[in-house]
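A.B. asks: After the structure tokens below, expect a handful of questions from me.
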Amino acid sequence: MMKVLVVVALLVTLISYSSSEGIDDLEADELLSLTANEQTRKECIPKHHECTSNKHGCCRGNFFKYKCQCTTVVTQDGEQTERCFCGTPPHHKAAELVVGFGKKILG
């Protein structure tokens, strides 16, 4: 009976050690993934910044990704140029307002 307990204890120790090694590998992979996501986040264009040259590079807001919103600007010379900025579309603003109000009510 004592031999069985010793063997079971050894097996449990080996299994826990091997699973902890696997977890360490997973944590290293997650750390690399998080670093890559952070790098991507740094490269995105923040809210209210110009996105004329990169219309799909806006960052994420609280709930939605910001959209590149463009307007045509007419200079004093009569030249028309397109200027774009990252912002929250009106329907996203409304959805965020409803969600924020719901959170306040539900606590």
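Cβ from N, Cα, C; glycine included.
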A.B. asks: If you have Swiss-Prot open, could you say which of CYS58, CYS84, CYS86 makes the disulfide with CYS70?
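C.D. replies: Going by Swiss-Prot, CYS70 is disulfide-bonded to CYS84.
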A.B. asks: According to Swiss-Prot, which residue among CYS51, CYS59 is joined to CYS44 by a disulfide bond?
C.D. replies: CYS59
A.B. asks: List the residues of the same chain that sit at least 6 positions away from CYS58 (disulfide bond) in sequence and have their Cβ under 8 Å from its Cβ, in sequence order, or write 'none'.
C.D. replies: CYS44, ILE45, LYS47, CYS51, LYS65, TYR66, LYS67, CYS68, CYS86
A.B. asks: Counting other Cβ atoms within 10 Å of each residue's Cβ, which of the disulfide-bonded residues CYS44, CYS51, CYS68, CYS70, CYS86 comes out lowest?
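C.D. replies: Comparing Cβ neighbour counts within 10 Å for the disulfide-bonded residues CYS44, CYS51, CYS68, CYS70, CYS86 gives CYS70.
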